[in-house]
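See below for the structure under consideration.
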């Protein structure tokens with residue numbers, strides 16, 4: 001009879017009709033964490049691809065396609081380069097005394113005056129761009145014995161001949177060109193930028209017809225520097241009907257210093273000075289349209305948001321911009337490790353804890369409880385552990401941005417042909433910096449992701465251990481993130497476990513009694529040995545029946561002949 005009872009008990013267990021803990025005297029409580037059907041793969045220090053519930057993209061890979069005019073003051077060069085505006089090309093007169101944070105040069109810009117070159121073009125362009133102003137002050141230079149205000153048909157201002165408005169072309173007066181020696185002190189408390197030039201005629205005849213002397217000379221000095229230029233007479237490629245050229249030079253005069261100009265011909269004299277300012281203004285080549293909008297970061301492709309720490313839109317930037325990296329994507333984990341919920345668990349879909357899988361549909365928290373008791377099933381989030389994890393993760397993105405955003409601009413680098421080796425070195429340095437930052441960015445994100453996953457796992461374990469300490473011997477760890485509670489635990493009891501007010505002493509006697517009864521069937525009542533012996537006997541009996549049946553079948557077919565001898 002005891003054997004029959006034991007077999008009946010086992011049969012009920014298999015079919016799930018009588019599960020210890022599923023009756024009114026027991027309950028099951030599982031701890032779990034949030035999960036989503038399709039997570040996001042991120043990289044950590046220990047794993048190239050690990051799935052998390054949520055992640056934030058850190059690389060800005062696209063621009064708005066337009067340059068925002070706020071908060072930076074943008075000056076659109078339109079048809080003018082910065083140097084043409086500086087010299088006073090007639091079609092750039094509208095830029096006189098302009099100011100800017102960023103001067104935007106267009107690919108369609110052109111010169112429309114006397115052909116010129118600037119031996120140190122990049123330095124002059126960068127100097128004026130960083131000053132952020134074309135403020136010009138006219139000074140009373142005295143040029144005695146020469147003709148002033150020379151002009152050319154190649155540089156029309158209105159219907160007649162013209163010239164650069166910031167320069168004064170000096171030629172012979174009657175048949176003489178005396179030696180010029182002019183000084184101009186700087187009695188102000190700021191630097192002054194003087195632009196001057198040297199005319200290179202195309203022929204000797206042009207040289208003498210303009211300056212009398214067969215060869216001129218221009219010397220410009222300060223206490224700190226001196227430049228002497230000898231004109232190079234000779235024909236050059238024709239530009240706007242001219243084969244002669246003007247070379248543009250510049251001199252900075254510090255406060256208390258003196259500008260000295262000495263020449264016996266070929267001088268393109270300054271009319272005054274540009275007031276130099278220090279600042280973070282800059283210049284950028286771009287064909288992106290300028291629009292009314294707000295953006296702190298500008299690239300030649302257009303403005304980009306600076307709410308991400310990295311960007312791969314363009315190396316050239318202006319403003320507070322994300323750091324340029326080579327990667328197209330870097331994802332920062334802002335959620336926990338994702339273990340999608342299994343669709344079926346066991347014969348009747350019993351609940352399971354975090355060790356087996358996560359829980360989908362937990363919209364009110366990252367961590368929580370599920371239970372089965374005499375009143376049914378239920379689920380609730382644990383807001384305290386959820387908030388503890390969120391508080392530590394929320395600041396991650398801002399901290400990464402603070403570490404990486406540049407509060408300065410990366411200007412364009414230009415070099416003349418004779419500075420080719422310097423240009424190559426500069427390119428190598430910039431490429432090395434980008435490689436280094438790209439590596440640092442990947443490492444930084446991997447470290448942060450590792451910390452996030454470890455942190456969220458730790459919060460889950462803390463909640464589990466807290467629950468274990470409350471239940472003590474009143475429940476058994478089922479090994480999958482669940483506890484089998486060996487006493488009647490209604491919804492109020494479950495709530496007390498969740499909020500930390502559970503008193504295990506109240507249920508201790510009931511739990512011990514139920515534990516003994518349930519475990520007795522399994523281990524203490526002798527049923528285990530009976531079950532083993534009965535299973536062995538039945539197996540042997542079935543084996544004998546099968547063997548005997550085979551022998552009888554073989555005898556009937558004549559495959560086996562049995563002789564009985566007496």
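Each residue, glycine too, has its Cβ placed from N, Cα and C.
Quick look at what Swiss-Prot annotates:
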DISULFID  68-293  disulfide bond
DISULFID  80-92  disulfide bond
DISULFID  113-155  disulfide bond
DISULFID  297-321  disulfide bond
DISULFID  489-493  disulfide bond
CARBOHYD  24  N-linked glycosylation site
CARBOHYD  38  N-linked glycosylation site
CARBOHYD  54  N-linked glycosylation site
CARBOHYD  97  N-linked glycosylation site
CARBOHYD  181  N-linked glycosylation site
CARBOHYD  301  N-linked glycosylation site
CARBOHYD  499  N-linked glycosylation site
LIPID     555  S-palmitoyl cysteine
LIPID     562  S-palmitoyl cysteine
LIPID     565  S-palmitoyl cysteine
TOPO_DOM  17-530  topological domain 'Extracellular'
TOPO_DOM  552-566  topological domain 'Cytoplasmic'
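Everything Swiss-Prot records as a feature, shown here on the structure.
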residue : record                      : DSSP class
38      : N-linked glycosylation site : coil
80      : disulfide bond              : coil
92      : disulfide bond              : helix
97      : N-linked glycosylation site : coil
113     : disulfide bond              : coil
297     : disulfide bond              : strand
321     : disulfide bond              : strand
489     : disulfide bond              : coil
555     : S-palmitoyl cysteine        : helix
Quick one: Cα separation, residue 493 (disulfide bond) versus residue 499 (N-linked glycosylation site), in Å?
10
Other C-beta atoms that fall within 10 angstroms of the C-beta of residue 297 (disulfide bond):
24
Which one is it, among the recorded positions 97, 155, 293, 321, 489, that lies nearest to residue 54 (N-linked glycosylation site) by Cα separation?
321
In terms of DSSP three-state secondary structure, what is the assignment for residue 499 (N-linked glycosylation site)?
helix
Sorted by position, what residues of the same chain at least six away from residue 113 (disulfide bond) have a C-beta under 8 A from it?
84, 87, 89, 90, 152, 154, 155, 162, 163, 164
Compared by Cα position, which of the recorded positions 38, 68, 321, 499 is the closest one to residue 555 (S-palmitoyl cysteine)?
38
For the disulfide-bonded residues listed here, 80, 92, 489, 493, which shows the highest count of neighbouring CB atoms within 10 A?
489
